[in-house]
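Asks: Structure below; questions to follow.
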């Protein structure tokens, strides 16, 4: 399988691009993380989202610990070729490490306060087990 | 109007965060750009999307040239407080400088080729006039 499609992407100085995960079917924006060339190649090859964890400095197969994997439906690229959009099916219905459906659960209200608009579906301590 | 809500955001080393613009009502992801503190403050204050243009090194009031402004419906923040999601109404129905509805018009096909899936709605030369 040729990897020339990866050459179209304008990786930043760190070899990364932002990757937005959108839920297939609902259009909900689940999260944004980062991908390097290898993680995007693996995303396509495995059919599941693989990101680059900047904090841990390693490949991060989404759901490797929680089981909340993201099944790939499509890979899209923006006009400037420096942002990736993946359409995914979110296993377990939980994308966020806080146990919520998606990560954008805070909304600014008219008084300038961040209000939590989305519930915790599962206690994170029940998702992530000490290893 | 107090700006303490801006202090919750974890700006990167350049003082920026990625900002995803999602179309209110349809859920379509229109584009991703960057915001600094001032652009996000102005987004709220004016009720229209204001980004920071990294290429031009200045504030970029979306639609300032094209007229394709983005009317703000909501500002959201992710769990790590380092990605913004704005819900907007896209004036003119065109967010992309190529004259398309949104910027993610290329999709990877099964043969590893980027295929354009969305049409040009208006010729860019008719959108942007030499000044």
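Placement of Cβ uses the backbone N, Cα and C atoms for every residue, glycine included.
TrEMBL feature annotations, pasted as is:
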type	residues	note
BINDING	A:78, A:80, A:82	Mg(2+) binding site
BINDING	A:79, A:96, A:103	Zn(2+) binding site
DOMAIN	A:31-105	domain 'Phosphoribosyl-AMP cyclohydrolase'
Asks: Can you give me the same-chain residues 6 or more apart in sequence from residue A:96 (Zn(2+) binding site) with a CB-CB distance under 8 Å?
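Replies: The list for residue A:96 (Zn(2+) binding site) reads A:30, A:31, A:102, A:103, A:105, given in order along the sequence.
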Asks: Any idea what the model's mean pLDDT is for the domain 'Phosphoribosyl-AMP cyclohydrolase' (A:31-105)?
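Replies: On average, pLDDT over the domain 'Phosphoribosyl-AMP cyclohydrolase' (A:31-105) sits at 97.
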Asks: Mind telling me which of the binding-site residues A:78, A:80, A:82 has the densest Cβ neighbourhood, counting other Cβ atoms within 10 Å?
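Replies: Going through A:78, A:80, A:82 one by one, the largest Cβ count within 10 Å is at A:78.
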Asks: In the structure shown, which of the binding-site residues A:79, A:103 has the fewest Cβ neighbours within 10 Å?
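Replies: Counting other Cβ atoms within 10 Å of each of the binding-site residues A:79, A:103 gives the minimum at A:79.
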